[in-house]
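Asker: The structure follows.
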Amino acid sequence: MAEAEAPNRSPEIRKDRIHNRWVLFSPARSRRPSDFKAKSNPQPNNKTECPFCAGHEHECAPEIFRVPANSTADWKIRVIQNLFPAVSRELDFQNPVSALGDVAVSGFGFHDVVIESPVHSVNMSDLSPSQVGEVMLAFKKRVEQLQNYDNVKYVQVFKNHGASAGASMSHSHSQMIALPIVPPTVSARLDSMREYYKQTGKCSLCVQPNELLIDQSAHFISLVPFAATFAFEIWIIPRDHSSHFHELDNEKANDLGGLLKLMLLKMSLQLNNPPFNLLIHTSPFQVDPSYAPSTHWFLQIAPHLSGVGGFEIATGCHINPVFPEDAAKILRDVRILN
């Protein structure tokens, strides 16, 4: 396990040029960065079977597709409708309705679940690199299907690991929500990245300082971002400039699977298997072509090592107790034994 002594540092406020927000770095002087751990297992996996397990398919909401496509009992991945969806595919999309300045639309959309393995005790980090790659390709296939709906503007892919990170089922799974609107955080990210490109002529993600790098593969790099919102936050970024996640091909999906597995293992070993959110930040389906040089998709892993307090809620400015350079070095030094 990695150990690192960090020099005493003064607090620093850094600008996140991707999301156009500020992060306050306030290192805990009495605590080494390498001492940060999750307090306990994020969600004890004391069940042996659940509705997501093989043989329990009838207990789930309708299936959309499975991998392999022609499998019966021996499936690897299932994509199903969410039994308790946040949005409804049954609703007709309505144009925004304004009343006294407030705007509302119908709750139309798609909310799906990606079951990553038929075995209850298997986590994403237990899968082989090629199996993680197959999960990425299942995401891609479903995103491409949702792209065919004219009223779907944006699809958010996310994974909640651990109860405190929002997971209601301990069986490893991810989710996808397709929306008829572009969320404001997404719009703000695109605008911020375009403004950086206008000022510098460069994509804000294509070039990264070496001290923030954790590891790299043929097609991706992993790093701790310069203004990380969360302690030990990890981003995985395509080396080639690409605006949309669903542009991923089979070779790059397999390559991503290996690097993602490695990052999950490093994080689990160093931080005691913390609760986390895995998020894919991509572009809306219909984006102005002028954004193409500046928009670059990436995958974010956000560990939950502390809660969000009143300051963060009031200001939108998060407090991170670990400087990204320290977190990157610690994660670089974590050795995974085969």
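The backbone N, Cα and C atoms fix where each Cβ goes, glycine too.
TrEMBL: automatically predicted annotations, no manual curation.
What TrEMBL shows for this protein is this:
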DOMAIN    10-183  domain 'Galactose-1-phosphate uridyl transferase N-terminal'
BINDING   Cys50, Cys53, His120, His171  Zn(2+) binding site
ACT_SITE  His173  active site, tele-UMP-histidine intermediate
Asker: Roughly how many Å lie between the Cα atoms of His120 (Zn(2+) binding site) and the residue listed as 'active site, tele-UMP-histidine intermediate', rounded to a whole value?
Answerer: 10
Asker: Could you tell me the C-alpha distance between Cys53 (Zn(2+) binding site) and His173 (active site, tele-UMP-histidine intermediate) in angstrom, no decimals?
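Answerer: Their Cα atoms are separated by 11 Å.
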Asker: Non-local Cβ contacts of His171 (Zn(2+) binding site) (under 8 Å, 6 or more apart, same chain)?
Answerer: Cys50, Phe52, Cys53, Ile115, His120
Asker: Can you count the other CB atoms that lie within 10 A of the CB of Cys50 (Zn(2+) binding site)?
Answerer: 14
Asker: Hey, of the recorded positions listed (His120, His173), which one tops the CB count within 10 A?
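Answerer: Most Cβ neighbours within 10 Å: His173.
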